[in-house]
Structure formats: C-alpha cells, structure tokens
Amino acid sequence: MAEPLSARWGPYRAVVASRVRSQTSYRGGFALDLVSSLLVGVVQLAEVLVLFHSVDSLGGLDLAAVVLVFGIADLSFSLADLVVGHLDTLPVYLRSGTLDVFYLRPQPLLAQLVTSDISLRRVTRIVVAAVALGVGVAVNDIAWTPLHVAFLVLVVLTSALTFAAVFVAAAGVQFFLVDAAEATAAAVYGGRYAATQPASVWTGPLVAVFGFAIPIAFTAYLPVVALLDLPGPGWLPGWAGWLAPLAAVWMWGVALLAWRSGVRHYQGGGG
Amino acid sequence: MRDDGQPVQAAPHPTTPTPGAATWFRVHGRLVAAGWRRGSTYRAAALGGLVANVTFGFLKVSVLTAAVAAGGGELAGYDTRAVIAYAWLSQALLGSVNLFGRIDLAGRMKDGSVAVDLLRPIDLQTSTTAQEVGRALFSLLPRGVPIVVLALAVGGMRLPTDPAVLGAGLLSALLAVVVSHLVVYLVAVTGFWTVETRGLQVFYMVLAGFFAGLFVPVSIFPGWLFALAQATPFPSMLQTPVDLLSGRVVGGDAAVALLVQLAWLAGALALGQLMTRAGRRRLEVQGG
C-alpha cells in the first residue's frame, strides 16, 4: 500500500479510456445507441405523465412533486447505472467461465468488473433525468435555504450510492443464482421503477421490501416529502426523508455482505 | 450455449421440394414441440422471470389502483377490479410475448451460422417463429399460470366465466405471441444488412413496452398518443389479449380486435418473406 494513489489508479484509467474509444469508433451504431438510451428515459417519463393525464394527484403528490421524485430517482439511478450498471452481465462471465481470468490479475475483482465496461450510451439517460430534475425544482414551491440546496445535492449523490449498492448486492447474489438472473432484475429494475412512484401507494409486502430491506423509498420519494413539508406515507413520518443518506450506508452494508459471500461461494468455472 | 441447432435437426426434411399443406403443418408442429421442450430445460431462468414479474405486478397494482381511487373509482373505463386484472394479466403474458426484441436468430446472423439455416429445405421465417412460439407457450406454465393463481389468491381480480369470452381471450393471447415473434424476426433479419442489430433491438424494446401498454394501459393514453399506438402492432401484443382475457372487450368489439391481430400477423409474415428473400442475396459469410 506504499504506492502513490495515481499509480494504483493508473491501470483502471487506461482501461476505462480504451472502453470509451472502442465505443465511439462505430459512429452509426453509437448514434443509434445514444438515441435508444434517450428514448428509454423519455418513455419512462411519459409513463408518469400519461397517468397524470387522467388524475390530479397520486398518493398525496401532485404532478409537480412527482416530476421532482422522478428527476431525483432517475438521475441517481442513471449515475449508478453508468458506473456499475454492467455488473448485471456477471452471469454471462459465470456461465462461460471467463470470470476466472479476472482472478488471475493482481487487482480486486469488483474494481476490475466495474472498469470492464463503461457504457457511454447511458450518458443520454442522465440528460433526460437532469432536465426532469431541473423542471421539478422549478415548478415546486420550496422555501429554498442553503440547507435545502445542500440536502438535494446530497440526496442525489447518496441515492446514486444506494442504487450502486443494489447493483453490487444483485451481482453478489448472482454467484448463487447464475441462471435465475432475472430474479435480481426484480430488485434492480423493479427498484428503479419503484423509486419513481409515490411510496405511499404501496401495500404491506412492498413497504417491507422497497421501504426498508432495499430502502428505495428513501432514494427520492421520502426526501421530496421532507423538502415539500408534506405528510409521510403513513408508515413513516414526513421528516424521515432527512435520513436518506443513512439508506446508502445500510444498503452498502447489505451489498458488501452479499458480494463477499458470493465471491466466497464461487468455485471457479472449471478448466 | 446449448442452443446449437438441435431442434432443427429434429425436423424431418421434406422429401419433395414443394411439400403439401399436411407436411407443412407436421414439420412446423414438430418445431413448435421442439421449442416447447427447449423452453422446459431453462427452469431456473423461468423462476427468475417469475420473481421479476410478480414484483412488477405488485408495484403496478399499487400505483394503478391508487390512480383509479384518485379518479373517483374510475379511470378511462377501468374500475379497480379491471385495472388489477390488467396489471396481473399483462405480467402473466410477459414471459411468452416477446416485447424485449431478443431472439436466438440475431446471434446466428452475427456469427454466420444462419448460412447453415438457409441451406435447409424449410422457410427461415416460419421455422424460426415456430420454435420461438413453442418455447414461448411453455413459459405460460412456469410464469403465466402461477401469476394468475397468485392474482386470484391475492384477490380483487375479475376473470370471465363465459367459455366463449375465455376462448376468444386465449386465441387472442396465442395470436399476440405469434405476432410478437414475427415482428422480432423482422428486427433480427435487418442483420442481413447491418450484422449487429443490438441498437435496433433496444429501440424495439423501448417502443414495444410503451405502445403495448406494459406500464400504463394504452386505452388511458391521451387521444393523439392512443392513435399513434394503434398505428403500431404493439397493442396487438399485450393490450388486446389482456382486454379479451379480462372480459373488458367482448362481442363484436372482440371479433374486430382479433381481426386486427390477424392483419398484423399477415403483414409481418409478408414483410418477413420479402426481407428474407432480399437478405439472402445480400448475405456474405466469411470463411465459407
């Protein structure tokens, strides 16, 4: 550990730079990727808007508040997806036995996997999310103080960490499931969808899973309730949203536990 | 990968260059059966899919019932029971209807093994679709049936008891499965020209999910967006079978809905034939 920090990160930087170059070399395909990725964000926002075309409020939130929830949830998920989203290709490595190659290199497994792919196409998702967040901030009547501003920035960052932890936890569980990869998609992409909803509409089992075990309610809905000074969902007081960063700490505890036990469980791909 | 073309070998080669209708049905029937058997080997994957479908089902039920409640007990013609049926039936069909745009053929186009498929004395489009439909129909057992059972157990869902309504619903579901795989075939065979079709596949997935009514029923779209959706085959893949199975659309309207599905089926079949014929002339396989 005596090496300087820059020397330790050097290899990762070189790898990431090469991934970026390789993706931009086929221009036509890259452009279609960017457009598709933009469309994913637009369609997800459209689903929210279509629902509000028929109703004025949902779970105690009006359209303005829901756009703010969507903006925070989508921006933090997209940031996490950009950095660690490709962890969900782990089952491909597990099945083909190519994960063993990573074990041969003198770098931590998780760090290698994270730098194994950076999908630039996901950048356009971030643009849609940022626009939604900007609109959400503008159309809501919030008494902005420095504390509120700092809280909003902190929430986006810690929620991104929460989603990143969900990706890592899901990858850890993949070591056990391998073929049943879609089961963890329920947590990752179900979690993304859940994060854009007003959690006050959830029933018992959903509150247990996405309210507390995987603390998705803390990524966007509860912070918005806190910012707008609204009543809570019934199973938590309105001020609970201020505790949002704690959700990231909890989720990273779960994630590291899942990842460690997964790596320990792995027996190699044979050969 | 274990999908090394085994099912295709199971099909007997027709002895005459222009087989009759009976032979056609026998060959394609065996391909459907082969696809069914192959689907039955991916049990863990089916279980994983079931977990995902159930999770999304609960999330959709909660948000859509809240929307109906906010609309005063009615949302564009849906009451609470209808919207619950919509959420669960669409999740039950999701394992069988191809809204994701992925199909084995895309990989075979990319690695060149489609050249071997084209040497076989059987139509590429119909043989591919028959196998995919067989596999999709098997998915109804581990993914479709448990979700319907769960939905009935959790309560609040309405299902028709009239055998005619139920029959029309099941026929519509079968048509939806076939139409979806025929359209995904069109996405895959663009690979004759571009080799890599992943970008187009993602494009298909985004549009298909939205316009099929995966998250919000197409029928509650605002007018202009509803018209746009109706101009695509996607509502025929999910909204239509769910409407018929839940008994929301019956009688003459159901007959029209079935005819629309048949029209999309015929259109996708014809376009696929044209594209396959044009693509054959384009195909160059390296190292042949």
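From the backbone N, Cα and C atoms, a Cβ is placed for every residue, glycine too.
Per TrEMBL, the features are as follows:
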- A:30-52: transmembrane segment (TRANSMEM)
- A:64-85: transmembrane segment (TRANSMEM)
- A:126-144: transmembrane segment (TRANSMEM)
- A:150-178: transmembrane segment (TRANSMEM)
- A:199-222: transmembrane segment (TRANSMEM)
- A:242-259: transmembrane segment (TRANSMEM)
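Sequence-distant contacts of the transmembrane segment (A:30-52), counting only residues of its own chain at least 6 positions beyond either end whose CB sits under 8 Å from a CB of the stretch, comprise 23-24, 58, 63, 66-67, 70, 74, 78, 120-125, 127-129, 132, 196. Scored on C-beta pairs under 8 angstroms, the neighbour of the transmembrane segment (A:242-259) with the top count among A:64-85, A:126-144, A:150-178, A:199-222 is A:150-178. Sequence-distant contacts of the transmembrane segment (A:199-222) (same chain, six or more residues past either end, CB-CB distance under 8 Å): 58-61, 69-70, 72-73, 76-77, 155, 159, 162-163, 166, 187, 190-191, 232-236, 240-241, 243-244, 246-247, 250-251, 254. Taking Cβ pairs closer than 8 Å, the transmembrane segment (A:150-178) reaches residues 72-73, 75-77, 79-81, 83-85, 87-88, 90-91, 94-95, 110, 113, 133, 137, 184-185, 187-188, 191-192, 195, 214-216, 218-220, 223, 226-227, 242, 244-245, 247-248, 251-252, 254-263, 265-266 in its own chain, all 6 or more past its ends.
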